[in-house]
Each structure stands twice: as structure tokens, then as C-alpha cells.
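Listed in Swiss-Prot for this protein:
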| type | residues | note |
| --- | --- | --- |
| TRANSMEM | 13-33 | transmembrane segment |
| TRANSMEM | 63-83 | transmembrane segment |
| TRANSMEM | 102-122 | transmembrane segment |
| TRANSMEM | 128-148 | transmembrane segment |
| TRANSMEM | 157-177 | transmembrane segment |
| TRANSMEM | 190-210 | transmembrane segment |
| TRANSMEM | 239-259 | transmembrane segment |
| TRANSMEM | 272-292 | transmembrane segment |
| TRANSMEM | 326-346 | transmembrane segment |
| TRANSMEM | 355-375 | transmembrane segment |
Amino acid sequence: MEKKNLLNVIKKVSFSLFIVIIYVMGLYIPLPFAEGTKQYMEAVKNTPISILGAFSGANFTRISIFSIGLNPLMFSMLIIQLLSFTHSFGFDALSPKQVQYLMQFLTMIITIIQAALLVFAFTNRRNGLEDFEMILILSAGSCLVVWLCYRNMKYGVGASAPVILTSILNGAIPNIISNVKLLLTMKYAWIWLAALAIFILLLIKFWLAFTKAYYPLKVVNPSLPASSNLMTVPLGLNMAAMMMYMVGMAILTLPLMVGRYFSSSSLINNWVFQASFSAVMGILIFYFFTFVNFDPKEQAKSFRNNHYYIPNIAPGRPTQRYLNRLIWIIAFPGAVLNAFQLVFGLYGGNFLGNYAGFAIIPMNVVMITMFMGGIKDQIDTILFPYRYDRLLKDN
């Protein structure tokens, strides 16, 4: 049994590594007929679209068959979550299989739209057949990446996390190397390098602690003895961060894709407007996924059905209203911190000059830490039976 459990872990990790290898290979397979125009390459260089793409498994810097990545999937996930959370259009009547089909259909439609926008962006020379083939190949490549992530969810570790983590590292490692080279040209270079390393370590420590931080909601359980009938329901202060970055980044790519059809002086291409829009969207998406993770209405109903209650708060609607207010308050620090880090990572380079590359480091560090933490937690869960077998053997 012990060998069987350990073998299962090795198989899952190996399958995830196999998925990553396929993804990396696809990033280096060029898209046929694609010729990046000067306008497109300048847009990639002067806008944060390449950064935005990396956080959803896309790669707009290198035009390949996997350039779109998981970007459309993030859009469809948000739409499904909105329909589910708001109970709109009779969504509750759908079976899980129907929801899955709807999500796949939405992903396909969004994939085709994004593929068309990308094709029209990186080439000015129009050829109907070539454009169609490029859109078809980009769509097929994105669908393959999505399918690989679904397979990884079943047979591997981390679902889409290994693909997105690889995409982030693909951009983060060259950025860090170039920043280190820049620091080495400065006076007291080793002091600056040490300061950068300490800053990164402190940042990792802070975000690990903040991710685990929670508000202890006290709930009375009448079935327990009166002396110890208070239970603690942990409300995470940063429970929506990962979804905010993944989904938010995917959404923010759309205005940048559409922006090329407007003049450079238009509002949509103004970086101050883009930064403000990103901040607002970041906060809204953070709050949305916080409410998705902890739905006050469903929690109030669950408390009432299990005969739990919050001290001095009546069950039912009063509890729901109390939880609503509580979530708005306790999620505020996480919403502001993550939105600030998002905006600074995307647009901090506009006022850092020669040191623009340092702006993205904090956001990269946070996302790498979160994804690696999520993968580690899943591996620990898979390893639990193996550790349990060893414990029985020792006894």
C-alpha cells in the first residue's frame, strides 16, 4: 500500500511535468504566416499586454500556436461565476454537465474572438485564407492548452497552475536577470543586490502570512456544552487574490487589444486611464470572488439549518446582512493591497525610467509564491496516505 501511494504521487507529478514540457514546446512553435508589424511590436513593448498575458498562460511577445493560452478560459469562468452568483437566466436549473458544456461553448467563442483580434493586430497585410488559417491555429492551440489543464486536473497536480506558473517564470526569469545586470553596473552593486534579495524574501514572508490571515468569526453551536459552545469560522483576508490576478489580467487584455483601433491620444490608450481602470477592476473582481468564496446568503442559510447563530445577531436575514457588512470590511485591505500591486506591476515602469523592470518584480514574486503554495498544498494532500502508511508501519 505504501509503495502504491508513493507511486501515485510520482505519476501525478510526472504527468504535470509532461504537460509543462508540451506547453513550453508549443510556445516555441511559430504561428504560420505571422509577421509581427512594427506597430504590434511597439504595442507589446510599450503596453503591459505581455505581462497581462503571462498571468493567464498567454504569450503575446512571442507569436506562437499557444499565444492565447488560457486567456479565454478565464473570461468564461468569470461569466459562469456571475451567472451562478446572481442566479440569472435560469442558471440554477442547469445540471453540472450542462454548465460544463456552456462553459466550453463560451470558451470557444471567446477564443475565436481573441484569435481574430490578435491576427488583425500583428499583421497589416490582409489575406483571407491566411487570416482564417491563423485564427484556426490560434484557436486550436488555445483549446489544446485548456484541454491539457483539464487533463492535469484529473491526472496531475495543480490543474492550470503549472501552465500559468511556467508562463510567469518564462517572463520573470529574463526580467530578473536583466535587473541584476543593471544593478551590477551601479556603485555598491553587491549592496543593492543584497537589498533586492532581502526585499524579495520579506515580500514572500509578508504575502505568505497575509494569505493565511483570517478574521475569526465566532458562532454559537448549541449542541456543544455551554462552557465551549463557541466555534470559530475563519474568514480569509486574502481568499480572492489568486482569482483576482488570473481573471483580472485576462479581462484587462481586452482593452489593450481593442486600443490599437483608436488613436494614440484617445482615452483608452492613456496610461493614467488604463491604470485607474485596472485599479477599479482589481478591487471589484477581488470583492466579487470574496463573495463567491463566502456567500453571506448561503452561509446564513447554513447557520440557520444547522441551528448555529452569531452572538447578538438573529438568524436568517439579520445574519445575512451582518455577514455582508463584515465581508465588505475585512476584504478591504486585501482588495486595496492587491489592486495597488496590480497597478504598480503593470504601470510602475512609466515613472521608474531606466528601472522600469523592477516594477513587475513584486507582482511576479507574489504570484509565484501563491501558485507554488497551492501546488505544494495539493502535493501534501496526495502524500497524506503515504505518510499515514509510514506511521502505521512505525507503530
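Each Cβ is built from the backbone N, Cα and C atoms, and glycine gets one as well.
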Contact call for the transmembrane segment (128-148) and the transmembrane segment (326-346): at least 3 Cβ pairs under 8 Å, seq gap 6+: no
Two-stretch contact, the transmembrane segment (102-122) and the transmembrane segment (239-259), at least three Cβ pairs under 8 Å: yes
Per Cβ pairs under 8 Å, the stretch of 13-33, 157-177, 272-292, 355-375 packing most closely against the transmembrane segment (190-210): 355-375
Distant-in-sequence neighbours of the transmembrane segment (272-292), which means Cβ under 8 A and at least six residues beyond its ends: 78, 81-82, 84-85, 239-241, 243-244, 247-248, 251-252, 255-256, 327-328, 331, 334-336, 338-340, 342-343, 346-347
Chain residues outside the transmembrane segment (157-177) and at least six past its termini with a C-beta under 8 angstroms from it: 12-13, 15-17, 19-20, 23-24, 27, 50-51, 53-59, 61, 69-70, 73, 145, 148-149, 246, 357, 360-361, 364, 367-368, 371-372, 374-375, 378-379, 382
